[in-house]
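What TrEMBL says about this protein:
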- 331-395: domain 'SAM' (DOMAIN)
- 402-475: domain 'U-box' (DOMAIN)
- 50-91: repeat 'WD' (REPEAT)
- 100-134: repeat 'WD' (REPEAT)
- 146-167: repeat 'WD' (REPEAT)
- 234-275: repeat 'WD' (REPEAT)
- 276-311: repeat 'WD' (REPEAT)
Amino acid sequence: MATLIHTLADHSDDVNCCAFSSSCLATCSLDKTIRIYSLTDFAELPYSPLRGHTYAVHCCCFSPSGHLLASCSTDGTTVVWDARDGRVLAVLGQPSGSPVRVCRFSPDSAYLVSGAADGSVVLWNVYSLKLYRSGDVKDGSLVACAFSPDGNFFVTGSSCGDLTIWDDKMRCLCNEKAHDLGVTCCDIPSHPISDGEHGSRSIQMASCGQDNKIKVWLILFADLGVELRYKSTLSGHSAPVLACAFSYDGQMLVSGSVDKCVIIYETNTGNILHTLSQHTRYITTCAFAPCSLLLATGSMDKTVNIWQFDNEQPGAGNIVENESKVAVENWSEDDVSAWLCAQGLADLVGLFKANNIDGRELLNLTKESLTNELKIESLGLRSKILQKIEELRMKMVSASAPVPDEFLCPITRELMKDPVIAADGYSYEKEAMENWISSKRRSSPMTNLPLHTLMLTPNRTLKMAISRWQETQQK
């Protein structure tokens with residue numbers, strides 16, 4: 001079930017686009033502004049709205065890490081903002097000066113694509129914020145763009161109805177007529193590339209257009225090149241379809257139309273799960289959150305509706321449930337990607353996918369493999385990854401069998417990692433007991449009697465017993 005939980009009505013003109021990060025929602029409008037909201041309570045952030053464009057803002061998108069926000073406008077520029085404080089980091093002018101209709105970050109945040117009304121497409125280097133490559137389509141305006149999960153190619157859609165596949169060097173790999181009256185949007189789910197027929201590789205893509213249709217495609221990779229193969233058409237809308245988007249795992253597809261309806265499909269079957277009709281004018285944009293059960297829809301009625309799904313929806317399973325229902329060592333690369341997002345590590349999704357990190361590989365990662373194989377230079381980032389993996393292992397242990405009570409810290413009631421003995425004779429997690437003492441408490445957490453000394457002695461015997469118990473649970 002999809003439930004309307006909030007409506008944002010701060011824009012003074014049509015809402016053109018909305019985009020999620022793991023913690024925020026961004027919206028942009030004909031009113032020249034971008035607004036950013038916290039997903040915690042949907043309150044607008046203190047530095048919002050962002051004002052920098054001189055004309056209508058057509059599109060906005062977050063980098064995978066959520067640290068950067070890009071927006072593009074009729075004024076011929078793509079602006080890169082620091083999503084944490086709203087500072088302008090760069091104003092990237094389309095070389096032709098043409099109005100920019102769409103922008104997208106690559107999965108590894110290394111590149112940013114901007115597509116313009118004159119058919120020009122630019123690949124910007126995000127690190128240098130300089131133009132890297134450029135190209136153009138033969139006819140029509142560029143209005144849609146989507147990257148492959150590994151970032152090795154991207155697809156653009158034009159107002160003349162073509163879908164064009166480009167590699168990361170801006171070489172055209174394939175061009176196909178997709179919608180007779182023009183493409184309006186396209187999207188590729190974030191799950192990894194899978195094996196296709198006859199030994200080829202394939203991924204799924206959706207496009208929608210002025211012909212009232214939503215089409216599902218397979219992009220096939222074989223020795224002879226790239227092929228865009230039609231798979232199916234999803235019915236339901238009675239007017240041009242202006243927006244479409246996959247859920248993170250690709251199991252749901254949402255669309256918005258001039259008929260004022262939002263339709264949510266089950267991707268595998270094409271069945272309609274929900275039809276939402278709360279907007280009073282054309283639906284211009286829709287987006288699923290990357291790691292939570294939220295959907296945002298924006299409209300020419302100047303509002304953005306936030307919808308929440310229950311846990312039974314296809315594609316709406318949360319990460320915590322997945323951890324308990326599927327053994328981590330059996331996780332797919334897609335499960336690992338979803339876990340990274342839930343841990344605030346979405347910026348690493350592209351890197352982990354490129355190195356085929358599944359559940360078993362994840363559990364075997366070490367400081368050395370993160371440094372030498374994955375080339376993660378930041379010590380802090382390596383430490384955070386290893387800490388999250390250790391927490392995951394602990395959840396695996398606690399889920400597999402009841403933890404003996406003597407292994408639990410009396411203060412936190414969690415499995416102890418570094419047990420110490422206090423003056424009262426009881427063992428505690430070292431950090432928890434140090435926090436107890438630092439709060440100027442001089443009594444025992446267990447007996448409430450005064451502690452004659454604050455000295456804490458490592459309980460190595462208990463630590464070894466916990467370690468042996470963990471090993472038996474992992475077999």
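Using N, Cα and C of the backbone, Cβ positions are placed for all residues, glycine too.
Residue counts for the repeat 'WD' (50-91) under DSSP, split into helix (H, G, I), strand (E, B) and coil, are 0 helix, 24 strand, 18 coil. Residues of the domain 'U-box' (402-475) grouped by DSSP class, helix first, strand second and coil last, total 27 helix, 12 strand, 35 coil. Applying DSSP to the repeat 'WD' (234-275) sorts its residues as follows: 0 helix, 22 strand, 20 coil. Counting residue by residue with DSSP, the repeat 'WD' (100-134) contains 0 helix, 23 strand, 12 coil.
Sequence-distant contacts of the repeat 'WD' (234-275) (same chain, six or more residues past either end, CB-CB distance under 8 Å): 1-2, 181, 184-191, 204, 206-216, 281-291, 295, 297, 299, 313-316, 334, 338, 341. Counted with DSSP, the domain 'SAM' (331-395) comes out as 47 helix, 0 strand, 18 coil.
Beyond its flanks by at least six residues, the repeat 'WD' (100-134) meets 58-65, 68, 70-74, 76-78, 80, 89-90, 92, 94, 140-151, 154, 156, 158, 166, 168-170, 190, 347, 349-351, 353-354 of its own chain at Cβ-Cβ distances under 8 Å.
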